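One structure below.
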Amino acid sequence: MNLHEYQAKDLLESYGLKVQKGIVAHNPNEAARAFDQLGGKFAVVKAQVHAGGRGKAGGVKVVKSSQEAREVAESLIGKNLVTFQTDAEGQPVNSVGVFEDVYPVTRELYLGAVVDRSSRKVTFMASTEGGVDIEEVAHNSPEKILKVEVDPLVGLQPFQAREVAFKLGLEGKQINDFVKTMLGAYKAFIECDFALFEINPLAVRENGEIVCVDGKINLDSNALYRHPKLLALRDKSQENAKELKASEHELNYVALEGNIGCMVNGAGLAMATMDIIQLYGGKPANFLDVGGGATKERVIEAFKLILDDENVKAVLINIFGGIVRCDMIAEAIIEAVKEVNVTVPVVVRLEGNNAEKGAKILADSGLKLIPADGLADAADKVVKSLG
């Protein structure tokens, strides 16, 4: 689950980090009042969306008066912001953040952390190249990114943070501020179950203060039951409508841009199914994993979800029966086809637990379903069914 910038800053500030002060505004008049409340000569108005690249897309503007703040807010709120991280429709802007002017600054740094699946540890990344796309830095100048793995038994140690500060070229008060920032960020990461966080840029002001000018936090969705206050910050308007509906039925769904809908049980098999569709010249319209313990109701909802996409011109159902029984899947497919009024070809491959029984149920149903014998045969048939 992603947080908005203003929410991320509030959370980080509660852990002792110095952040760029700001006020969230849900309409132009609130934005104008926020400018006056901040009391500076300048302010920065930022669209609050769950996507990067806001500046290049026109979602970040410097304003010099309350009237300018009102005008910028009016141009953003109620519109969709399209960035390189969104789809063609973009993300809806329901609010803007009006933030204080912290410039001029002497330097812009980068600080972030993720759970590294290889080392199975929280890994911090820091760089002198703040304020730019860190992905570009990683690609063009990987040596400019410092990495620190944190031992989960003892946590992040002050000496590790000081070492990073030295390597970043910080000195005096800046070092102490950076250590406090990094230790506070780690505490927040662990206690709030972050999956990822980024501060870009982390600005070094002329007075030596280190301030978070931006903040990005992604929370581990599997741990949200432990954090009801954080869960209350969820903004469903920023989520893909189909993916949101899928999550309500415990389905793992990701929308893609192809025309062959996929329903599979198991993430690995789903990935393999998409690969072989591509191999045979097709393009998957989605990733959809109904899970190892799929129920009839979940399968029906999955089928509806696939066919809600008007780009879908054929469907491939690939089930390997282990915990889930193929005969139950077959009954759910029949029920879903009848309920949804399917008009596209449906290829079904069943293997494993009660596969023969499931195949017979489908064959006796009288529906125009295309049986497949093996994964390659299924991919070949679904691609050919497109004509």
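Using the three backbone atoms N, Cα and C, a Cβ is placed for every residue, glycine included.
Annotated features, as they stand in Swiss-Prot:
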DOMAIN    9-245  domain 'ATP-grasp'
BINDING   Lys46, Gly53, Arg54, Gly55, Glu100, Tyr103, Glu108  ATP binding site
BINDING   Asn200, Asp214  Mg(2+) binding site
BINDING   Asn265, Gly322, Ile323, Val324  substrate binding site
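Structure with Swiss-Prot features highlighted.
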residue: Lys46; record: ATP binding site; Cβ contacts under 8 Å, 6 or more apart: Glu5, Arg54, Gly59, Val60, Val96, Gly97, Phe99
residue: Gly53; record: ATP binding site; Cβ contacts under 8 Å, 6 or more apart: Thr83, Phe84, Gln85, Asp133
residue: Gly55; record: ATP binding site; Cβ contacts under 8 Å, 6 or more apart: none
residue: Tyr103; record: ATP binding site; Cβ contacts under 8 Å, 6 or more apart: Ala203
residue: Glu108; record: ATP binding site; Cβ contacts under 8 Å, 6 or more apart: Gly130, Gly131, Pro201, Leu202, Ala203, Val204, Val213
residue: Asp214; record: Mg(2+) binding site; Cβ contacts under 8 Å, 6 or more apart: Glu5, Gln20, Glu198, Ile199, Asn200, Pro201
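Put plainly, the binding-site residues Ile323, Val324 were compared by Cβ crowding within 10 Å, and the winner is Val324. Counting other Cβ atoms within 10 Å of each Cβ, the lowest count among the binding-site residues Arg54, Asn200, Asn265, Gly322 belongs to Gly322.
Glu100 (ATP binding site) carries a strand DSSP state (E or B). Sequence-distant neighbours of Glu100 (ATP binding site) (same chain, 6+ residues apart, CB-CB distance under 8 A): Gln20, Lys21, Gly22, Leu38, Gly40, Ala43, Val44.
DSSP assigns Glu108 (ATP binding site) to a strand in the three-state reduction. Once the Cα atoms of Lys46, Gly53, Arg54, Gly55, Glu100, Tyr103, Glu108, the listed binders of ATP, are compared pairwise, the greatest separation found is 20 Å. Pairwise Cα distances among Asn265, Gly322, Ile323, Val324, which the record gives as the binders of substrate, peak at 10 Å.
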